Amino acid sequence: MKPSIHSLAHQTMQEWVLEQGEKKFRADQIWEWLYRKRVQSFEEMTNLSKDLIAKLNDQFVVNPLKQRIVQESADGTVKYLFELPDGMLIETVLMCQHYGLSVCVTTQVGCNIGCTFCASGLIKKQRDLNNGEIVAQIMLVQKYFDERGQDERVSHIVVMGIGEPFDNYNNVLNFFRTINDDKGMAIGARHITVSTSGLAHKIRDFADEGVQVNLAVSLHAPNNELRSSIMKINRAFPIEKLFAAIEYYIETTNRGVTFEYIMLNEVNDGVEQALELTELLKNIKKLSYVNLIPYNPVSEHDQYSRSPKERVLAFYDTLKKKGVNCVVRQEHGTDIDAACGQLRSNTMKRDRQKAVSAVNP
């Protein structure tokens, strides 16, 4: 399979055109066609020679993803199911926010973190996405608006889709550099957020990178016993090790951290847990922010249910009274397969059922 042209950083593109016997400025032209004019084929790059277009076609593809399903919500949320060149499926979500268009990208096919409440982990990790496959998700969402003649542009990115981004560290970093490049989509680093389930050593590495991308940590519980019961990653990186890495990140970057906390009815949503959480955050309270997330039920995880509004409000009020910055996340796409991984999982089930029916009519 030929790689996506989006896999090449700008400098790598310059090196490639020089290897082809071309002038270095050709790299700028190619990038302008890809990221500013957003063409879908090399033939549309009309200021390139036929010989260079042939070389591009011989070595790369523009778009490695095939659109399988698009679900549009009444609130403007759009969920995409894309097929990779090897036939595997991934999800991408567009959310219309008051501050702009935000896209949630996937970084792996499946997930090995194994959170007991999450649809993403229903299918184990099969492979990492490469940089080009992650970039292509942004480009295809942008194409959705371009084709409708809507003068809107993707302005924010959250790396919170299927997979653990820091388990695909190098590809995710290269994605940041490509999408942030002034000659490309030029999406500001501070408009990008990456979420990790808590790979402590990678949080330290990320602190040392010096990038301005925002960090979010999927916490979901304030103590080791509870967190280990719902997130097996906590057995490898218990809260003490995780928070040592978070404090290192804050000290190194002087940047805040968002903590994601999914509200599971009578599991982690009591006032007692809220008080534990305030204690856990006491040393970093000024540079921490808690995002309380209403739970999207997953049929395979029917041991969990959504916290009632009164329990969410009591938890929220407890945090606020203790001086913790927090918010209840606005929901998007509740009338479609909203939970991360749900559309992919449901589609794979239907595909399997069709295959069985074809064999046993």
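Just so you know, glycine gets a Cβ as well, placed from its N, Cα and C.
Residues annotated as active site, proton acceptor in Swiss-Prot, with sequence analysis given as evidence: E91. Counting Cβ atoms from all protein chains shown, E91 (active site, proton acceptor) has 26 others lying within 10 Å of its own Cβ. According to DSSP, E91 (active site, proton acceptor) sits within a strand segment.
Per Swiss-Prot, active site, S-methylcysteine intermediate is recorded for C340.
The DSSP secondary structure for C118 ([4Fe-4S] cluster binding site) is coil. The [4Fe-4S] cluster binding site feature in Swiss-Prot is assigned to C111, C115, C118.
Sequence-distant neighbours of L219 (S-adenosyl-L-methionine binding site) (same chain, six or more apart, CB under 8 Å from its CB) are G198, R227, F259, E260, Y261, L277, listed in sequence order. If you look up Swiss-Prot, you'll see G163, E164, S195, S218, L219, H220, N296 marked as S-adenosyl-L-methionine binding site.
For C104-C340, the entry in Swiss-Prot reads disulfide bond, with the evidence type sequence analysis. Counting Cβ atoms from all protein chains shown, C104 (disulfide bond) has 24 others lying within 10 Å of its own Cβ.
Among the features that Swiss-Prot reports, domain 'Radical SAM core' is placed at 97-329, with the record citing sequence analysis.
Cα of S218 (S-adenosyl-L-methionine binding site) to Cα of C118 ([4Fe-4S] cluster binding site): a span of 12 Å. The record assigns G163, E164, S195, S218, L219, H220, N296 to the S-adenosyl-L-methionine site; their largest pairwise CA distance measures 19 Å.
For G163 (S-adenosyl-L-methionine binding site), the Cβ neighbour count at a 10 Å cut-off comes to 28, with all displayed protein chains included. E91 (active site, proton acceptor) sits 14 Å from E164 (S-adenosyl-L-methionine binding site), counting Cα to Cα.
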